[in-house]
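**Q** Okay, here's the structure, questions in a sec.
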Amino acid sequence: MTAVSSSVEPTPLRIGIAGLGTVGAGVVKMLRDNAALITARAGRRLIVTAVSARDRTRDRGVDLSDVAWCENAADLAAHPDVDVVVELVGGAEGIARKIVTGALENGRPVVTANKALMAIHGAELATLAQKADVPLMFEAAVAGGIPAIKTVREALAGDRILKVGGILNGTCNYILTAMRETGRDFADILADAQKLGYAEADPSTDVDGVDAAHKLAILAGLSFGRPVVFASVYIEGIRRIGALDLHFARELGYRIKLLGIARQHENGIEARVHPCLVPNTTPIAQVDGVFNAVVAEGAFVGRLMLEGRGAGEGPTATAVTADLIDIARGNAIPVWGRSTDGLTQAVALPRAQFSGRYYLRLNVVDRPGVLADITAVLRDDGVSLHTMLQHAHARETLPDDSHSVPLVLITHHTSEAAMLHALRHIAQLKSVLDEPAMIRIEGD
Ligand SMILES: NC(=O)c1ccc[n+]([C@@H]2O[C@H](COP(=O)([O-])OP(=O)(O)OC[C@H]3O[C@@H](n4cnc5c(N)ncnc54)[C@H](O)[C@@H]3O)[C@@H](O)[C@H]2O)c1
Ligand SMILES: N[C@@H](CCO)C(=O)O
Ligand code: NA
């Protein structure tokens, strides 16, 4: 008799995907194209068994004929042929929240790319995941293909993270880069970006800083070990950045970036998103176009920066698939990197407690005494000046034949409360023509 060696195939991980847009279709393609290597690395096959999207008839470039179609995406949460639910619909409320909550309540592991959901409801979802003892993974939610969450939650698990953040929105970085390179204004570049499909028809979540703030809130929660109340994150977008600001920034040796910055202080967590001037010589200043950068600073590890694509089919599918492989391997990492028992949410420090250096751009009437009036206000608020820049050639003639001229002031380190107080008074001076522009300076 001949001995027959029989090997039993390990049970495949059966995946249900809600949402077959950019990310969802990308995940299906990646699981198919890289099936052999994924099976080898995960130790079992990862197969898509059920899907749901709005339009069943749309051609997504993937064959879904052997996959069950759910008319109602919420049904995936309890589908008999699904072990893991992948939520790629989007939105903090509605169907996305329902699918994730339902899946966790049914004791199913969840993977999502949904930063709005995790930033706003992450605390409650983490508690549900812990109660059900299942993983809730969301690597694609922060900086797409950059392994931001893995880095902070796993690679730096032994360190005390002091600061985290970076360039967290590709649309804003693209717009600011194009403004710098072309000298054109925000509205012009945004209109082009929309035509090219880089920016959404409703760009507000991106350009008003909300998307970056979602990602920052998640990073801060992971880094400092407790969720941050999203509504307490300070958010300012890029709409008020003018071509002149990019011009002056270049002249002064800076670039303008929309940054998310979170720091752990003795009295609480600071979490803010706003445009910043960063010195040309810093690595983050070189991250241009649609690229993202995640920066973390630990007490032992020091500073590290990861750069890569924060959006698009390939990068986001890579992140979602890595989460699925972790689940297939049985790697379960708690949402906030620790148990949710006794965990309360952190309210981020108010703006009045920020401090730093500031760039001010004023449009002033070009006549004697104007600068003295402005510096008197700054003196009274204890704000010390570092640099001043005025270009006579940028003068414009006003209707009464006087002239206006842009004036740029850079301060020494000061409190934001003092800055805001001074700005209110400066804006009221007769010789100050438009609303002053204020941009924070980071990293020098
Ligand atoms: N696109 C990116 O590069 C990117 C990057 C990181 C994170 N994300 C996040 O990934 C998620 C998905 O983004 P996307 O760009 O793939 O979106 P998308 O708009 O391309 O796709 C959304 C999908 O959800 C489906 N959908 C909408 N409502 C539905 C419903 N009620 N029931 C079932 N399906 C429904 C749509 O039919 C579509 O297939 C979002 O949370 C987004 O923030 C996207
Ligand atoms: N809209 C985001 C991509 C999804 O996170 C960006 O522009 O970076
Ligand atoms: Na990521």
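Yeah, the Cβs are placed from backbone N, Cα and C, and that goes for glycine too.
According to TrEMBL:
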BINDING   ALA18, GLY19, LEU20, GLY21, THR22, VAL23, GLY24, ALA25  NADP(+) binding site
BINDING   LYS115  NADPH binding site
BINDING   GLU200  L-homoserine binding site
ACT_SITE  LYS215  active site, proton donor
DOMAIN    359-440  domain 'ACT'
**Q** Taking each of the binding-site residues GLY19, GLY21, GLY24 in turn and counting other Cβ atoms within 10 Å of its Cβ, which one has the fewest?
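**A** Among the binding-site residues GLY19, GLY21, GLY24, the lowest count of other Cβ atoms within 10 Å belongs to GLY21.
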**Q** Go through the recorded positions GLY21, ALA25, LYS215 and pull out the ones with a Cβ less than 6 angstroms from some atom of ligand 1.
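**A** List returned for ligand 1: GLY21.
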**Q** Around the NADP(+) site formed by ALA18, GLY19, LEU20, GLY21, THR22, VAL23, GLY24, ALA25, list the extra residues of the same chain whose Cβ is within 8 Å of the site's Cβ centroid.
**A** ILE17, GLY26, VAL27, ALA53, LEU88, VAL89
**Q** Count the Cβ atoms, other than its own, that fall within 10 Å of the Cβ of LEU20 (NADP(+) binding site), considering every protein chain shown.
**A** 23
**Q** From the Cα of LYS215 (active site, proton donor) across to the Cα of ALA18 (NADP(+) binding site), what is the distance in angstrom?
**A** 21
**Q** Just jot down the residues in the same chain as the residue listed as 'active site, proton donor', at least 6 apart in sequence, with C-beta under 8 A of its C-beta; none if empty.
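**A** Correct list: LYS115, ALA119, ALA141, VAL142, ALA143, ALA148, LEU168, ASN169, GLY260.
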**Q** What's the CA-CA gap between ALA25 (NADP(+) binding site) and GLU200 (L-homoserine binding site) in angstrom, rounded?
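**A** Cα to Cα, ALA25 (NADP(+) binding site) and GLU200 (L-homoserine binding site) are separated by 19 Å.
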**Q** What's the CA to CA span in angstrom from GLY19 (NADP(+) binding site) over to the residue listed as 'L-homoserine binding site'?
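**A** Here the two Cα atoms are 18 Å apart.
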**Q** List the Cα distance (Å, whole number) between GLY21 (NADP(+) binding site) and the residue listed as 'L-homoserine binding site'.
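**A** Rounded to the nearest whole number, the Cα-Cα distance is 14 Å.
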**Q** Looking only at Cβ atoms, how many others are within 10 Å of the one on ALA18 (NADP(+) binding site)?
**A** 28
**Q** Any idea what the model's mean pLDDT is for the domain 'ACT' (359-440)?
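**A** Looking only at the domain 'ACT' (359-440), pLDDT averages out to 93.
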**Q** Using DSSP and collapsing to three states, where does VAL23 (NADP(+) binding site) fall: helix, strand or coil?
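**A** For VAL23 (NADP(+) binding site) - judged by DSSP and reduced to three states - the answer is helix.
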**Q** I'd like the per-state residue tally for the domain 'ACT' (359-440) from DSSP, helix first, then strand, then coil.
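**A** Once the DSSP states are binned, the domain 'ACT' (359-440) shows 27 helix, 31 strand, 24 coil.
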